[in-house]
């Protein structure tokens, strides 16, 4: 056997002879050198200069890379499969931690798996808009800054291997794709004629959702894929899917936390400043845009009466300090039968339109008018109490070809809060409208319920006849014949009981004449009854000097004059039985609480506050005296009060220095004054009884007319009157 150098020399001689042969070709030389690499080593060492070798190395290192291949792939050019898998896992962990686009991440992972399985190439598919088709993912190149999804066909068997795997969700390893009848279109790629062996794998999330297809292939003349390649690809894709799903869950929780914080912030904004409803809606629309990453946003309210959508707050596409600007303009209205928003308002269904111009329901006039191009739309109904009250429309997804299913789900949850905010907005609008009506009504009412200057000035000039001064001091005094003097009689009683300087005369006259005007013309609970009760209290106070304080004297006289203010001639039981609004305001002592409320209202009128000279504590005391005194006129409270006083009197425990005992005695005084007319001379008592019966008959007649039987039979009000 020859030694090494001698053997190499002979090989070199044979190579030289081959070079001189006329049948020599490049392929033969390459084949020979592949079989005898030591010859090439010897030739390069002996015959090639160092400068030439350096040029070769420089040329090899400067070989242009594929634009579409990620730069990170070069680090995985390792023949050790275990090392590649380890590097792959480290890479996935690093990319998931930094975040980013999942499609691009999967493409980079696919590039790494391609090297790990020694594939010649690969194709990555993602689901189309309606999840019934596949699109080939094309990464961003040097010239193009954004990735693209190119339609590759429907998901169905009998077409391509990728569509077959998407349909079956099972991995396929095919040694000869062109000879497989299941895939008449092969891979469907432009280079499909050079492809022989294919490894096609579904990319499935941890919860079983298909998100894509990875298609690895080898060209003709190369060794086919084996089970070890399938195991490597399957294991790493599965791990990547789980890792990506985990990151998505974490991001979803972060998004949910962000949404919760936003809802709390908006709720705080709403309750802190309820008048700024436009600011609230603007706040909601800004967050909605960020939630689904939309370019424009619009919120329309539904006018069911006129079958229209309307809005006055618009996204003009500009920003200030990083926040979108919403411009409040003149309200626009359009038919509910028009456009995508109208369709959603009518049906209550969510519409996700990937291509607006391909949808016949899209109203192109808006784009023509504004110069804005609408590509895709996500339109969501806002439902309250089973009815669509508004529509939120997101226009043009900023990142991505269209709005995704995830965007829909996030937006649905957000739409619930939109419904609450919009309901509050409508409710607040109705309240403001009612307030305006209330103010106009109160202004009108004030005009008719406040005395005129002639009335209070006439009272100031009035002088009570001397002959009446003595009669007023008598308990059985009948005020009936002196109707025109009733206001003057009350002024006289106040001055006699409390002093002429107790009230400013002008304010006292204004107050008395306005109180007179606020008594209704009912048979019994009228202005005459008020002055009669006040006269009885005056008689009690005059016969018990030193027993009551100045504040009590003032408060009791005013309470008696006002104790039936604005009485409608109906009892508390009637108001409660027929659900009168006053019964809703005051559940107990309905009319008595209303009388006190009316008293306070008159005191608050300009020039009517007769207690304005009192200190704040004295003012509160006198109002409390008036309130307790008026409430005590409710006969439902009288019987319990009388029983308690009887027990105190019989046991000798009654003490007028005890405020509780004192309040009970004053309550009994108010009831006595309220019923004093029946204890006077017979003509007065008879007239009072007639007035009381007339009012009771009127209430009974009204009760019959509100009776369900009367409404069902259609009887007229006059026929329902009891005779």
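Heads up, the Cβ atoms here are built off N, Cα and C, so glycines get one too.
Just so you know, TrEMBL annotations are computer predictions that nobody has curated.
Bear in mind that the values here come from a model prediction, so they are computed numbers and not experimental data.
With 529, 563, 564 listed by TrEMBL as binding Zn(2+) 1, the candidate from 634, 663, 674 annotated for that site turns out to be 674. The most densely surrounded of the binding-site residues 564, 674 is 564 (count of other Cβ atoms within 10 A of its Cβ). Residue 525 (active site, proton donor) and residue 564 (Zn(2+) 1 binding site) are 6 Å apart (CA-CA, integer value). Same-chain neighbours of the Zn(2+) 1 site beyond 529, 563, 564, 674, judged by a C-beta within 8 angstroms of the site's C-beta center, are, in sequence order, 525, 530, 533, 560, 567, 633. Each residue contributes its Cα atom, and for residue 563 (Zn(2+) 1 binding site) and residue 525 (active site, proton donor) these two points are 10 Å apart. With the fewest other C-beta atoms within 10 Å around its C-beta, 529 stands out among the recorded positions 525, 529, 563.
According to DSSP, residue 525 (active site, proton donor) sits in a coil region rather than a helix or strand. Summarising model confidence by region, the domain 'PDEase' (452-723) averages a pLDDT of 90.
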